[in-house]
Amino acid sequence: MAALKALLLLTFASVFAVSLADPDLLQDVCVADLKSAVKVNGFACKDSANISADDFFFAGLAKPGLTNNTFGSLVTGANVEKIPGLNTLGVSLSRIDYAPGGVNPPHTHPRATEIVFVLEGELDVGFITTANVLVAKTIKAGEVFAFPRGLVHFQKNNGKVAAAVIAGFNSQLPGTQSIAATLFAATPPVPDNVLTKAFQIDTEEVDKIKSKFAPKK
């Protein structure tokens, strides 16, 4: 299994290297200077004399994340904000852990296609096309599923044991928009009359949903 995992991660990198969502790099490396005040499409480069192996390293995916939250899942990103050396390389990873019954709720990645490899457990996954067609499947350990860039998708652990995946993206920072949180927890808020019309519900129901996403005091 260890060899299969390593091979899959290598495949992720190889596929995304020839199909980048981000602009092509114009030099060997452009390690992100995350503290730079210079604003560019991505991040300004650190002086090449100051880069090190640690700029290309992250150990945060080695252990399961804590899933004792509302959704019963946790996404641990390994993107340019955690690995500055990914700047301009057009790739990133995440680890997603799911408690039994946990869900990674419907969301989109505006800047990347996603492909997941199941480390353990079993998940019901799917995406919805712009024709409003649900494409769904149950996947288990060792299997792979892809979610096209920008389409709404989800993963749900309907099993009785924990599950986990490694997700690959063809962007250094794919971005995530959770549908419910985007609409009901935006700042400033989306007007109630937009939400009542869009979802065919009344203001009282809108307020009830918004209260679920309000910051805990």
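Using the three backbone atoms N, Cα and C, a Cβ is placed for every residue, glycine included.
Copied over from TrEMBL, here are the features:
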- N104, H109, E114: oxalate binding site (BINDING)
- H107, H109, E114, H153: Mn(2+) binding site (BINDING)
- C30-C45: disulfide bond (DISULFID)
- 59-207: domain 'Cupin type-1' (DOMAIN)
- 1-21: signal peptide (SIGNAL)
Chain-internal residues near H153 (Mn(2+) binding site), provided their CB is under 8 angstroms and they sit 6+ positions away: P106, H107, T108, E114, V125, G126, F127, I128, F147
Rounded inter-Cα distance in Å - C45 (disulfide bond), N104 (oxalate binding site): 33
Protein Cβ atoms within 10 Å of E114 (oxalate binding site), excluding its own: 23
Other same-chain residues whose Cβ falls within 8 Å of the Cβ centroid of H107, H109, E114, H153, the recorded Mn(2+) site, in sequence order: T108, F127, F147, L151, V152, P174, T176
Beyond the site residues N104, H109, E114: chain residues whose C-beta lies within 8 Å of the centroid, for oxalate: S94, H107, T108, V116, F147, H153, A167, F169, P174, T176
Between C30 (disulfide bond) and H109 (oxalate binding site): CA-CA distance (Å): 24
Average pLDDT across the domain 'Cupin type-1' (59-207), rounded to a whole number: 97
Rounded inter-Cα distance in Å - N104 (oxalate binding site), C30 (disulfide bond): 32
